[in-house]
Amino acid sequence: MIVLDTNVISELWKAEPDRAVLAWIDAQMIETLYLSAITVAELRFGLAAMPAGKRRTIFQNRLEGEVLPALAGRVLPFDLDASRSYADLMAQAKTSGKVIGKADGYIAATAVAHGFMVATRDTSPFEAAGLDIINPWEPA
């Protein structure tokens, strides 16, 4: 099972998404793909911070009308198990001299709590958290 990081969803919304990312997404079985509630929060914040207009409306419709319905039942909450994983992985990263941002830490902890990997372009914080990662921008 794979948790999609925010940058994967954002890439799909570009006027010309990276072909490798499109090919990777197309090769996945939809039921193996998940989002973290933190990713949804990041996407919603990004949209709320955009100037009002057609572009923002299009992206809001994509998130609320396409992405979330397609992943219904597969948006993972940040719960008590994730909070335990967060504390452990952030402490381990700090001890190792590695830095993980809070949002990436929450996403990583959610994935760890469920035994999932993360698909992302920004691999370093998730590697620092000890997760198995997939970079859809790179050939397999």
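Placed from the backbone N, Cα and C atoms, the Cβ positions cover glycine too.
Sequence annotations record features per position, and here Swiss-Prot assigns domain 'PINc' to 2-135.
Annotation source Swiss-Prot lists Mg(2+) binding site at Asp5, Asp104, citing sequence analysis. In the three-state DSSP scheme, Asp5 (Mg(2+) binding site) falls into the coil class.
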### Summary
Neighbour count check, CB within 10 A, over binding-site residues Asp5, Asp104; minimum at Asp104
### Task
Average the pLDDT scores across the domain 'PINc' (2-135) and report the rounded value.
96
